[in-house]
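Peer 1: Swiss-Prot lists C102, C127, C187 with the feature [4Fe-4S] cluster binding site, giving sequence analysis as the kind of evidence.
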Amino acid sequence: MKPLKLKRLIMENNKSHATNLSLGGPFQGNCMPINQYFSKNQPNRGSSSSEKRSSLLPLWESKNAADGFSIVSHNVLLDGATTILNLNSFFECETGNYHTFCPISCVAWLYQKIEDSFFLVIGTKTCGYFLQNALGVMIFAEPRYAMAELEESDISAQLNDYKELKRLCLQIKQDRNPSVIVWIGTCTTEIIKMDLEGMAPRLETEIGIPIVVARANGLDYAFTQGEDTVLSAMALASLKKDVPFLVGNTGLTNNQLLLEKSTSSVNGTDGKELLKKSLVLFGSVPSTVTTQLTLELKKEGINVSGWLPSANYKDLPTFNKDTLVCGINPFLSRTATTLMRRSKCTLICAPFPIGPDGTRVWIEKICGAFGINPSLNPITGNTNLYDREQKIFNGLEDYLKLLRGKSVFFMGDNLLEISLARFLTRCGMIVYEIGIPYLDKRFQAAELALLEQTCKEMNVPMPRIVEKPDNYYQIRRIRELKPDLTITGMAHANPLEARGITTKWSVEFTFAQIHGFTNTREILELVTQPLRRNLMSNQSVNAIS
């Protein structure tokens, strides 16, 4: 039997296409009427009494006070709690079969974000085949990730896992010499009970390279939660203050940098306490997006002390009770929990900076946490953030004309559904349903509040939110509602297109730059692409006829 071996993922530079899967034949059965579908009085069949009680709590503050949770108390939290109470009639949990990628796919973007890292996925051939298809690279690229392939001798415990992993890590150190090695656990390591967390501290001492263990396996609800697992593990690694790689060249950690702010904006003891606060943003986005969001906050007098993850592992920020943290993506609830429980950080509850409306409120909530009022425009009397939001929407009129009055249906794939639905509602679309693999109503309280507010402002019904949707029943609802656009995973795209349903791959929103003010056009370009294709096709048919 062969021992555990290091298998580099090298493949041809080709593109993968969605498989034309069968959906069990043609559509059958009748769907519920639309008036019943949007009924506010429909019972919540998927929520238990304990889930209903917990949804009324203002995030983690009341429920887990003993765990050291703390949260910035703004009006949005009260509004968010009230909104969640009202959302019970719109929320449903089907616990059905749905399709998504494996969370180990987070390696695709994290190894590029953390430039001095090396990701080692510990799994079977199935994991390797998936990564080879999902992470296609050219043969001379030498990617900073590899596959530690488990074979029969490893699973039957005939080999010493520690010795084999040590041999591989020494080989990685010799070949690449990274600043950190990230072990990605898989379903197999869970089943055979590999003690990765127990081996990592001992091994990193021997080889002199920190090792972060992240169990990003198929037990999660969505593939984007793999990033959540890795960032949560890195947040725990930042607690090792005695480790040299956490200290920069100046000998100071990022959290020791004071927030630069004029004394005129704060007064008294509270002002001195605010001056000690530092801001750390967590979420993996491209470096151009981090620069844009950092500059947006700097315009309002707020300096970002650090990002999780950082481009270099040695710049990983440390966290303490004086650290304010705010999320970038809606699938990072585990990271937020770790930062609050283990690091005693304070979480700023805010919508996510997706779309100009979400970005504006996101910046406003951060400003409120630091006691800063957003700058005003002396001509209009509005805040500069509000004027900029309106200016961006005015510049998108060519896209908005195509979207107004159109309907969209989210089948659920990457946990970005609520933020995208809120933005598309603001653009004039009608959202029939928001399918989402997993919804943390506490972490997304502000996003849910903004969604409800946007629906009221646009005078459209609140969409039904279906957690863990059953794809079979979703397809029946799609047939009944006939949406103009269905945002779905790759597994269903081709079969739905074959049945005359316009689709868009949800995974494209994961890899596109959709955060901040400047990337709004990128979102609308993705959304309108299939609609414009249909429009051109219809025009061609009419011209021929």
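Placement of Cβ uses the backbone N, Cα and C atoms for every residue, glycine included.
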Peer 1: What is the set of residues, excluding C102, C127, C187, whose C-beta falls within 8 angstroms of the centroid of the C-beta atoms at the [4Fe-4S] cluster site?
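Peer 2: So the additional residues around the site are P103, I104, G123, T124, T126, F130, T186, T188, N217, G218.
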Peer 1: Minimum Cβ neighbour count within 10 Å among the binding-site residues C102, C127, C187: which residue?
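Peer 2: Comparing Cβ neighbour counts within 10 Å for the binding-site residues C102, C127, C187 gives C187.
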Peer 1: Where does C127 ([4Fe-4S] cluster binding site) sit in DSSP terms: helix, strand, or coil?
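Peer 2: The residue in question, C127 ([4Fe-4S] cluster binding site), is helix (DSSP, three-state).
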